[in-house]
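Peer 1: Okay, handing you the structure first.
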Amino acid sequence: MASLRKTHPLLKIANDALIDLPAPSNISIWWNSGSLLGLCLIIQILTGLFLSMHYTPDTTTAFSSVAHICRDVNYGWLIRNMHANGASFFFICIYFHIGRGLYYGSYLYKETXNVGVILLLLVMMTAFVGYVLPWGQMSFWGATVITNLLSAVPYIGNSLVQWLWGGFSVDNATLTRFFAFLFLLPFIIAAMTMIHLIFLHETGSTNPVGLNSNAEKIPFHPYYSFKDLLGFIMLLTILVSLALFSPNLLGDPDNLHPANPLVTPPHIKPEWYFLFAYAILRSIPNKLGGVLALLFSILVLLLMPILHTSKLRTLTFRPLTQFLFWLLIADVAVLTWIGGMPVEHPFIIIGQIASALYFTIFLVLFPTAGLLENKMLT
């Protein structure tokens, strides 16, 4: 008689996705980041659920309700620190995941990769609205600056901003709707993740050498389930250590002050994981141009399948493009540094050069190097 997990209508789906799934035998630790993202999403939904039980989405009490969670709620400080730092780890895993996808040519599974880019945009949106909720100085001014970018939309911009704010400035209506969005978005992300996985399981995973691995597959469980478990333990160890020993390390000290519309912080900047995009936004003097560059810095990932010119899928045997890939990583690191710096002389020009290089690598150098390597192969 067949096992229940292979016959039951619901268990069968889980079995085909997590237990009997045929997986390539040679995928490395870089393929762990997907399941780590799943773990991060679960951590964020659970900690967020418990935080929402004690939080009040009102401008007069939001800041003090967060203080109340940390002081008076049983283990509230731990839940809050796990949630705040969990967001940082979510983005660390996302950037590893995207980097893996670029390096090993995973983007050639177009449907999976397109859903992945939509997921990235959703997660960025969620992180932004979540950062506004504690109603500290940087929450308020970050919300004001970023929502104001919509005013760059021709003709309807100003109406759009006021419609989003629910008034003439970031105020109680804005905070309330952002709390509603923050409750809704993670469940949309969870649904999109399912679609992401459905598309992935249509084709199967890539592997480090970029060849078809149908000839040699191994079951996901026990091999990769245990490999993923190692990743889970490592992630949780680092996350809990950070939440216990240095919970404010990645945050902005300005956010420890309650929001004050009359006092502008000296340097308005987002959380560290948005700094590269913020630097690209700031490097263009024109408002609409900056907003478009900001959008395109993420949407350029959608063009990767079109810009893939090489006969080889992965970068494992492509030294030229490998160099460009690591140049891109270094460039994003420079942009992240510039995004946190004040807008003054050396930083402005460095940011503009780094932004130009970012788009040049994606749109010009990657395709050119691919064609050159094809010539070298023939």
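Each residue's number is its place along the chain shown, starting with 1.
Using the three backbone atoms N, Cα and C, a Cβ is placed for every residue, glycine included.
Remember, it's a predicted structure, so these values are computed and weren't measured experimentally.
Sharing the record's features from Swiss-Prot:
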BINDING   His83  heme b b562 binding site
BINDING   His97, His196  heme b b566 binding site
BINDING   His201  ubiquinone binding site
TRANSMEM  33-53  transmembrane segment
TRANSMEM  77-98  transmembrane segment
TRANSMEM  113-133  transmembrane segment
TRANSMEM  178-198  transmembrane segment
TRANSMEM  226-246  transmembrane segment
TRANSMEM  288-308  transmembrane segment
TRANSMEM  320-340  transmembrane segment
TRANSMEM  347-367  transmembrane segment
Peer 1: Given a separation of at least six residues and a C-beta threshold under 8 Å, show me what packs close to the residue listed as 'heme b b562 binding site' in the same chain.
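Peer 2: Those within reach of the residue listed as 'heme b b562 binding site', by Cβ under 8 Å and sequence separation of 6 or more, are Gln44, Thr47, Gly48, Leu51.
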Peer 1: Most CB pairs under 8 Å with the transmembrane segment (33-53): which of 113-133, 226-246, 288-308?
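Peer 2: Comparing 113-133, 226-246, 288-308 against the transmembrane segment (33-53), the winner is 226-246.
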Peer 1: Under 8 angstroms for C-beta pairs, at least 3 of them, ignoring pairs fewer than 6 apart in sequence. Is the transmembrane segment (178-198) in contact with the transmembrane segment (113-133) by that rule?
Peer 2: yes
Peer 1: So for His201 (ubiquinone binding site), how many other CB atoms are inside 10 Å of its CB?
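Peer 2: So the number of other Cβ atoms within 10 Å of His201 (ubiquinone binding site) is 14.
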Peer 1: Let me check the 10 A CB neighbour count of His97 (heme b b566 binding site). How many other CB atoms are there?
Peer 2: 21
Peer 1: Relative to the Cβ of His196 (heme b b566 binding site), which residues of the same chain, six or more apart in sequence, are found under 8 Å away?
Peer 2: Thr112, Val115, Gly116, Leu119
Peer 1: Grab the same-chain neighbours of the transmembrane segment (347-367) for me: Cβ-Cβ under 8 Å, and only residues 6 or more beyond its ends, written as numbers and ranges.
Peer 2: 279-280, 282-284, 293, 296-297, 300, 303-304, 307-309, 321, 324, 327-328, 331-332, 334-335, 338-339, 341
